[in-house]
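Undergrad: Please see the structure below; I have some questions.
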Amino acid sequence: MVLTLLFSAYKLCRFFTMSGPRPGADRLTVPGPDRSGGASPWWAAGGRGSREVSPGVGTEVQGALERSLPELQQALSELKQASAARAVGAGLAEVFQLVEEAWLLPAVGREVAQGLCDAIRLDGGLDLLLRLLQAPELETRVQAARLLEQILVAENRDRVARIGLGVILNLAKEREPVELARSVAGILEHMFKHSEETCQRLVAAGGLDAVLYWCRRTDPALLRHCALALANCALHGGQTVQRCMVEKRAAEWLFPLAFSKEDELLRLHACLAVAVLATNKEVEREVEHSGTLALVEPLVASLDPGRFARCLVDASDTSQGRGPDDLQSLVLLLDSSRLEAQCIGAFYLCAEAAIKSLQGKTKVFSDIGAIQSLKRLVSYSTNGTTSALAKRALRLLGEEVPRRILPCVASWKEAEVQTWLQQIGFSQYCENFREQQVDGDLLLRLTDEELQTDLGMKSSITRKRFFRELTELKTFASYATCDRSNLADWLGSLDPRFRQYTYGLVSCGLDRSLLHRVSEQQLLEDCGIRLGVHRTRILSAAREMLHSPLPCTGGKLSGDTPDVFISYRRNSGSQLASLLKVHLQLHGFSVFIDVEKLEAGKFEDKLIQSVIAARNFVLVLSAGALDKCMQDHDCKDWVHKEIVTALSCGKNIVPIIDGFEWPEPQALPEDMQAVLTFNGIKWSHEYQEATIEKIIRFLQGRPSQDSSAGSDTSLEGATPMGLP
């Protein structure tokens with residue numbers, strides 16, 4: 001048996017290790033299964049070649065594996081020999097417990113669990129699980145899927161990608177029961193991390209469809225897996241998969257997950273997924289249109305990354321935090337031009353910094369280049385939430401926190417230029433810049449020749465590094481003092497990199513109204529835009545701008561006239577309200593739903609205006625939805641205000657009923673009692689499509705209003721409100 005041989009080899013290595021290291025040796029080297037030398041045991045290296053493990057950590061890992069491997073060997077042996085369903089279940093449960101306990105070990109849990117997961121694969125346990133996933137007994141499939149989800153480390157994902165994707169996809173097609181769906185969604189969550197090719201295969205074969213279908217469910221664990229599966233799919237699938245996700249309306253289905261009022265982890269994972277999608281310029285507009293992106297920054301601003309980190313540590317499947325590959329994907333978000341991506345990326349990295357500092361593994365952040373990206377956000381970001389999170393992450397990692405760069409670069413004095421040079425690592429040239437009296441204006445107009453001849457930067461590679469930093473500074477700078485036509489934001493809307501050309505253009509006296517008259521040669525010689533492709537794109541967009549009006553208040557009227565206004569009680573109706581929004585959007589309706597991002601002082605006006613503008617008023621009647629309206633004779637409750645406005649404006653009111661108990665008419669204020677004369681539709685989570693079709697008929701045909709409580713005009717299945 002392979003596991004027996006490996007365990008014997010491990011014991012032999014352990015014996016020689018205890019004899020003491022060779023003089024001068026400061027790391028333990030043990031041959032791996034491929035018989036090549038390595039810097040750690042096979043169970044710690046995970047079969048990916050050798051790596052260094054500190055002696056202290058190595059001893060802890062060795063001790064834990066010495067206790068766990070014999071038990072795992074025995075459990076796997078019994079599982080292979082089991083024939084009855086009950087015996088198979090007992091064997092799966094025992095292996096699952098061993099793996100789960102390993103993941104929960106503080107500090108060394110990842111290495112110990114990695115060793116057990118590798119042992120399961122090497123002894124044929126992974127292949128056995130794939131066979132058990134095809135067993136006729138539902139309970140066996142559920143337990144096997146639950147264990148497989150726990151052991152999908154990188155090498156095991158490789159194996160499943162080669163021989164087991166079909167099995168996983170067949171399970172995904174079942175969709176039910178929820179116990180099986182939880183684990184299958186968790187398996188897909190891990191497999192979406194495997195590679196871009198695997199993501200494409202899973203999406204093409206229905207894996208993404210299954211996850212999106214489960215997004216309409218109510219089980220918290222299932223929804224968390226769905227949110228992370230979509231995030232991993234977006235992070236690792238590449239632009240082709242991201243385009244497919246948007247076409248399948250993933251951004252819309254993420255809305256109810258990000259809108260949840262009960263599960264902060266779920267909301268964060270959903271916000272991560274939609275923020276990643278928004279970084280793809282090809283689909284950015286569609287993602288914005290979904291409305292989900294607007295939830296990201298307010299959510300992140302309201303949460304504490306330390307508390308989030310504790311939640312991750314307390315859960316068995318996230319107790320070790322993210323691995324280096326996952327962290328690398330998050331670093332890419334920091335470098336995005338989208339505020340939402342920077343914000344959510346900084347939050348996750350701050351939480352991961354807290355976890356890694358507890359584990360003593362903060363070096364990984366330097367290895368993946370996260371430190372520089374975090375420092376750049378502190379220096380340049382104008383968003384207070386993002387900057388604060390980046391500062392906190394740097395402090396947790398024991399790094400120096402840089403000073404924030406003043407955004408009005410054109411107004412910098414010589415001292416500010418000196419500070420900037422020091423922060424970007426060019427301190428050796430400070431004296432040269434001081435002698436030449438370089439201020440912000442000169443810095444923004446600096447040329448390669450001047451940098452070489454006048455400022456003494458001889459190395460062409462060093463100059464390239466400098467201009468890379470200068471381009472970043474120009475991109476983040478504020479030009480409000482000299483850019484009267486807001487040329488910077490217009491350039492940024494074409495491509496975030498184009499903001500670097502703002503100062504060169506405005507210094508020549510150009511604004512948006514004159515840009516179309518400029519020649520390509522003038523852009524090159526007078527404005528310093530050296531890249532021909534960039535010149536062509538800017539001129540093309542400037543000439544197109546002549547045929548389209550500049551943004552103005554009047555131009556937003558159509559976007560502020562929704563087909564449907566959804567009124568709901570936050571503490572009990574938010575999930576159903578968000579589901580209704582998605583379903584109606586997918587059927588072509590424009591929908592307004594309050595997402596708690598209205599400007600301070602304008603909350604009431606915005607809500608009332610939206611009710612007045614909407615053609616239909618959908619009232620979500622969840623448990624206790626009207627309780628606060630009772631005795632609210634001053635009309636201070638928001639749901640009360642919305643209902644009264646809808647009634648006074650003669651809106652088509654469509655009540656949706658979910659766990660709602662009817663109040664007596666006299667219990668409600670007189671100004672809203674008329675709402676009880678409308679027919680309601682009972683919501684069915686099991687038959688959502690059928691319920692939505694009925695709602696659409698109500699929206700299109702206005703059959704819900706009923707002047708008498710006993711009217712016979714109610715549709716089949718509709719409930720006349722106010723009647724027993």
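Backbone N, Cα and C atoms are what each Cβ position is placed from, and that goes for glycine too.
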Undergrad: Out of Ser50, Ser319, Ser558, Ser708, which one does Swiss-Prot list as phosphoserine?
TA: Ser558
Undergrad: In Swiss-Prot, which of these is labelled phosphoserine: Ser54, Ser548?
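TA: The candidate carrying the phosphoserine note in Swiss-Prot is Ser548.
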Undergrad: Quick one: pull the CA-CA distance for Arg157 (NAD(+) 1 binding site) versus Arg570 (NAD(+) 2 binding site), whole Å only.
TA: 40
Undergrad: Can you tell me which of the recorded positions Arg569, Arg570, Glu642 is spatially closest to Lys193 (NAD(+) 1 binding site)? Compare CA atoms only.
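TA: Closest recorded candidate to Lys193 (NAD(+) 1 binding site) by Cα: Arg570.
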Undergrad: Could you check what DSSP calls Glu642 (active site) once collapsed to helix, strand or coil?
TA: helix
Undergrad: Averaged over the repeat 'ARM 3' (155-193), what pLDDT does the prediction give?
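TA: So the average pLDDT across the repeat 'ARM 3' (155-193) works out to 92.
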Undergrad: Just how many other Cβ atoms lie inside 10 Å of the Cβ on Glu642 (active site)?
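TA: If we count other Cβ atoms within 10 Å of Glu642 (active site), we arrive at 23.
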Undergrad: Please name the residue among the binding-site residues Glu149, Glu155 whose C-beta has the most neighbouring C-beta atoms within 10 angstroms.
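TA: Going through Glu149, Glu155 one by one, the largest Cβ count within 10 Å is at Glu149.
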Undergrad: Can you tell which of the binding-site residues (Val153, Met191) has the fewest other C-beta atoms within 10 angstroms of its C-beta?
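TA: Among the binding-site residues Val153, Met191, the lowest count of other Cβ atoms within 10 Å belongs to Val153.
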Undergrad: Given the binding-site residues Ile151, Arg569, Arg570, state which is nearest to Glu642 (active site) when distance is taken between Cα atoms.
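TA: Nearest in space to Glu642 (active site), counting only the binding-site residues, is Arg569.
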Undergrad: For the binding-site residues listed here (Arg157, Lys193, Arg569, Arg570), which one has the lowest count of neighbouring CB atoms within 10 Å of its own CB?
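TA: Among the binding-site residues Arg157, Lys193, Arg569, Arg570, the sparsest Cβ neighbourhood within 10 Å belongs to Arg570.
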